[in-house]
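Student: Could you have a look at this structure, given as structure tokens, before my questions?
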């Protein structure tokens, strides 16, 4: 019986082999349900490590939340995600005129520089000198629908068509000396606690002044000239325009019989003062009416007094330029009116009185004074402010020019170049509350100045003329 049972079991086994073989491999549809690739689980160490962008989002597809865990910063996550999803839309640099591109999902955004607009910053909003000076470093001129930049004498127009590059070591308007961080910078001049305010006078002073300024460092005011005579020493200031021309106030010319010029000095008390430079000729504006120094003048102070207060001194021999002796740049009238005089501050300097009716300073003083709008200027003065004048100074701070500073420079800096914008002319006392310094408005006289500077080289004879 046993052999028969064994045979039966063998036959049953052999009969079942084909069915078993057919079930060893599952159909693909069924197999895929079991053989799907699952995301690799982080190990315990990985869970405590900071995110890794290569592991999370490059080796494997990640979600925005996972990317956020890596960067731990919303802005960085957004920047990465916009590129990760559909590539960098900014790779082709679609933004014109140096616009800044920001990638998005299926799009991008251009942030345009001032003066441009459009999806790609392709539209130019301005080609006008009245908007940011046309982006010109010095002078701007409107030409049809475009602008044209040019530079002050001694400068070359840069390859970008906007910047100005100094053509020499002593190009105009460049001061070599700058204040370090431990020194007060010109914009940070503050009120002196021991300011002396003397008895006020109702008379205008033709000899304006610098009160509570700071010592001008060597090379910081290189365009400063001082007018001196044999008896009074420094009696007025001036501005170097070129090797042979110095700008000053017309009323300074009548102060003395003899005039010499000193340049490059900051301390008159030192024994080794600079040489006295001889004057060849003086040009006084023909419309200037010298004030009568009498009580009758001070009571009336008629309209023409101190109007056209400008003169040019021609030297016998050229001024030698150096790091401490450099001319100020002469602006165009439009540039002075539309750009320079719309700045916050101008810079005045001189050897004038340290307080009202006080002695002149032995050291060159410098002060930054804010421009004052014309309406406020006219309301503040007891005397006429003509179109050839402008105001600058402080309403309440005791800082101003003073006696002996007349004829000196009012300078305005623009893009690190210093331009002459005015001449110290007159004022009602020194640093009085509610009173400002009055300056000759240089933009009114650019053609007159250029006409004189086109004159021939100095002759050997001295003379005084009116033009």
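The backbone N, Cα and C atoms fix where each Cβ goes, glycine too.
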Student: Out of 66, 78, 265, 272, which residue gets the 4-carboxyglutamate annotation in Swiss-Prot?
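Tutor: With Swiss-Prot as the source, 4-carboxyglutamate is noted for 66.
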Student: Out of 46, 75, 117, which one does Swiss-Prot list as 4-carboxyglutamate?
Tutor: 46
Student: If you check Swiss-Prot for 4-carboxyglutamate, which of 60, 183, 296 comes up?
Tutor: 60
Student: For residue 121 (disulfide bond), which residues in the same chain are close in space, meaning a Cβ under 8 Å from its Cβ, but six or more apart along the sequence?
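Tutor: Listed in sequence order: 95, 96, 97, 99, 110, 112, 113.
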Student: If we count other C-beta atoms within 10 Å, could you say which of the disulfide-bonded residues 140, 236 has the fewest?
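Tutor: The disulfide-bonded residues 140, 236 were compared, and 140 has the fewest Cβ atoms within 10 Å.
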Student: Residues of the same chain, at least six outside the domain 'EGF-like 1' (86-122), with any C-beta under 8 angstroms of its C-beta?
Tutor: 79, 131-132, 135
Student: Among all protein chains shown, how many Cβ atoms are found within 10 Å of the Cβ of residue 251 (active site, charge relay system), not counting that one?
Tutor: 24
Student: Taking DSSP three-state, what's residue 129 (disulfide bond) in: helix, strand or coil?
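Tutor: In three-state terms, residue 129 (disulfide bond) counts as coil.
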Student: Please name the residue among the disulfide-bonded residues 129, 149, 164, 221, 391 whose C-beta has the most neighbouring C-beta atoms within 10 angstroms.
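Tutor: Answer returned by the neighbour count: 221.
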Student: Going by Cα-Cα distance, pick out whichever of the active-site residues 251, 309, 406 is nearest to residue 236 (disulfide bond).
Tutor: 406
Student: Under a three-state reading of DSSP, tell me whether residue 69 (4-carboxyglutamate) is helix, strand or coil.
Tutor: helix
